[in-house]
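Here is what TrEMBL says about this protein:
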| type | residues | note |
| --- | --- | --- |
| DOMAIN | 101-282 | domain 'Malic enzyme N-terminal' |
| ACT_SITE | Y124 | active site, proton donor |
| BINDING | R177, N432, N476 | (S)-malate binding site |
| ACT_SITE | K195 | active site, proton acceptor |
| BINDING | E267, D268, D291 | divalent metal cation binding site |
| DOMAIN | 292-545 | domain 'Malic enzyme NAD-binding' |
Amino acid sequence: MADTTSAVGGGVQDVYGEDCATEDQIITPWTLSVASGYNLLRDPRYNKGMAFTHEERDAHYLRGLLPPVVISQQLQEKRLMQNLRSFEAPLHKYISLMELLDRDEKLFFKLLIDNMEELLPIVYTPTVGEACQRYGSIFRRPRGLFISLNDKGKILEVLKNWPEKSIQVIVVTDGERILGLGDLGCQGMGIPVGKLALYTALGGVRPSACLPITIDVGTNNEKLLNDEFYIGIRQRRATGKVYSDFLHEFMTAIKQNYGEKVLVQFEDFANHNAFELLEKYSPTHLVFNDDVQGTAAVVLSGLVAALKSLGGTLADHTFLFFGAGEAGTGIAELLALEMYHQAKLPVDESRKKIWFVDSKGLVVSSRMESLQAFKKPWAHDHEPVTNLIDIIKAVKPTALIGTSGQGKTFTKEVIEAMASFNKKPLIMALSNPTTQSECTAEEAYYWTEGRAIFSSGSPFNPVEYNGKVFFPGQANNAYIFPGFGLGLVMSGAIRVHKEMLLAASEALGGTVTQEDCQKGMIYPPISNIRKISAHIAANVAAKAYEIGVATRLPQPENLVKFAESCMYNPNYRNYR
Ligand SMILES: O=C([O-])CC(=O)C(=O)O
Ligand SMILES: [Mg+2]
């Protein structure tokens, strides 16, 4: 059995032994400098609020700085949840949670982990979308690194200003396509911050190893440009060579500063940049695009799970994507690859089972000339059709997948068209946040008389129809990226391969139980996510070892156990 203890704590060395510390194994004196006294209460990484014991208060000069009562982490958690629930507006809950993160990091993550279903919609979609729209107005303390065009030539210097040195995961955005909300410029920062909170809570990567970054090259959002509280540079977006040179400086500086093994997750870039950056840096960096690849792995897993009630193989079905951007074409690529694996159907043949609709209608070969490169593989021979309902009648899809970023586009007529020739129409409304969802769960179930298999990018509550309760699944990349990243980090992978995405997708699919299926669910409950992440991480790491891109040697014998041992734990440590 390989020695696993030396790498506890999100896969890298836990230099100060903090993640090894438990109730019975107390830590400190620290081998690094940690504030004591008043400053200890102001340091979110070490602060425990009123949970400091009398002994700790004496040892660390805290006597008198706290109310006399000592209360446990659990009781502080209870108090905070009570306070949070008293806020009506989700945005106020968001602000309150972010303030907690600034005050007491472990308590924040404990809350998030113990109350996943309740708090995910606050820290993540949909509320994080609203937070980004109003980021300037609700700004309190900065989180993450802001790298703007003003820093040209100095990006390495900027990176060196970040206090943590052993970074494992970076989530970076340029704010041009924040969820389905469009260009939010520098205010897109809420997304990397939120994604990385999930990296820790769902995937167990240590918070100190996570770095949120926003690259500010301007914004074309007039409203923000005219908003006195806007936090970004006040100019229109740089494009072309200025843009690509700046991103190149960034990617070069990242590798120079953090080496080969840091994961750079691209998030919410506009289509053209997303595809270009992924293609350009995949051969030289450890890069992953969540919107293209993470979404693809999650949706593929759901489609495979849906076959259990739909019957047949993937190749027996016809898929229609509404929206031909990152998510849609990313899913379609992986789907075609999986059809090849399952049925040995040549990729060209499997592509013919997959159709796309973009803003100009059905993507067909007569439009080839004017199509962007990423749409070309999906242009099939067919006469042009523009209206979605006509397209559905012509293509007769078994699955309709919304990746358009446009809310309320699956109208009653659209859903009814799907229900008219499918016994169990598969409907996915993947756009985020909830306002951009192509339809609601209720609409999908009502308009199909309860026959739909439905899932969505943002969460919906269960729906009662005709005395039966339906449980919509959340087909969101949050199921994949935390475990996927953990798998990369813990194996010391230096490159991402498509096969690793399939490995992640299969691992997720493997966690859907018979019971979930009977409820019509194609995803497992999100409350089990830490266990699921460990399985995903193990499968991804196994693939990385198999392909030969893992550098952490020797390979641990039991990868699931190893993944679990790597995961950050938010319980307070006891201080000597
Ligand atoms: O953030 C989410 O909820 C999923 C996602 O990546 C997106 O919609 O861009
Ligand atoms: Mg995204």
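Going from the start of the chain as shown, residues are counted 1 onward.
Just so it is clear, glycine is given a Cβ too, placed from its N, Cα and C backbone atoms.
Positions of TrEMBL features highlighted on the structure.
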| residue | record | DSSP class |
| --- | --- | --- |
| Y124 | active site, proton donor | coil |
| R177 | (S)-malate binding site | coil |
| K195 | active site, proton acceptor | helix |
| E267 | divalent metal cation binding site | coil |
| D291 | divalent metal cation binding site | helix |
| N432 | (S)-malate binding site | coil |
| N476 | (S)-malate binding site | coil |
Neighbourhood of ligand 2 - recorded positions from Y124, K195, E267, D268, D291, N476 with Cβ under 6 Å: E267, D268, D291
Cβ-Cβ neighbours of the residue listed as 'active site, proton donor' (radius 10 Å): 26
Residues within 8 Å of the E267, D268, D291 Cβ centre (excluding the divalent metal cation site residues themselves): T173, R177, I178, I191, F266, F269, A274, N289, D290, E326
Nearest recorded site to D268 (divalent metal cation binding site) by CA-CA distance, among recorded positions Y124, R177, K195, N432, N476: R177
Listed in sequence order, residues with CB under 8 A of R177 ((S)-malate binding site) and six or more positions away: D183, D268, F269, A270, N271, A274, G405
Pairwise Cα distance for N432 ((S)-malate binding site)/E267 (divalent metal cation binding site) [Å, integer]: 13
Whole-number Å value for how far the residue listed as 'active site, proton acceptor' lies from D291 (divalent metal cation binding site) (Cα to Cα): 12
Length of the line joining the Cα atoms of N476 ((S)-malate binding site) and the residue listed as 'active site, proton donor', in Å: 11
Rounded distance in angstrom between the Cα atoms of K195 (active site, proton acceptor) and E267 (divalent metal cation binding site): 9
Residue pair the residue listed as 'active site, proton donor', E267 (divalent metal cation binding site) - Cα distance, angstrom, rounded: 13
Which of E267, D291, the listed binding-site residues, has fewest other Cβ atoms within 10 Å: D291
Neighbourhood of ligand 1 - recorded positions from R177, K195, N476 with Cβ under 6 Å: N476
Cβ atoms near N432 ((S)-malate binding site) (within 10 Å, other residues, all chains): 26
